[in-house]
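*Asks:* A single structure is presented below for examination.
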């Protein structure tokens, strides 16, 4: 048999524990979902969406790097009018957002081009590594020729 405590502070504490973790009435009591590794990767991708498409500019989601506590995941259902134009085929549909972005050919070529640009900017140009600077390097160059 449960007897409630007489102390009002303890009563308030018990009632707070019994209330479900929701976002509140303003957000229709949206529950906090359990975060799986797949959901975590999708949320991180959404935070980095400004990197995905170079032609699009997104408003910053905030300075907080923490993942949101309350969110919902849905599925986009295309209308019948977009049967040929705007829909994804069964082969293009993936289980997560990360898989979908990795399989996109235009995004893949953009990533490869950016990686190549970064590598070219960081590699030394010309014959700088063969230039002799000082007596020690001249000595090492002579040793290399032997």
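Cβ coordinates come from backbone N, Cα and C, glycine included.
Annotations in TrEMBL come from automatic prediction, not curation.
Taken from TrEMBL, the feature region 'Disordered' covers 1-25, 116-146. The annotation compositional bias 'Basic and acidic residues' is assigned in TrEMBL to 1-10. TrEMBL lists 20-114 with the feature domain 'Fcf2 pre-rRNA processing C-terminal'. Taken from TrEMBL, the feature compositional bias 'Basic residues' covers 130-146.
Are these features on the surface or tucked inside, and what are their neighbours?
*Replies:* Residues 31-32, 70 of the same chain, all 6+ positions outside the region 'Disordered' (1-25), place their C-beta atoms under 8 angstroms from a C-beta of that stretch.
Across the domain 'Fcf2 pre-rRNA processing C-terminal' (20-114), the model assigns an average pLDDT of 86.
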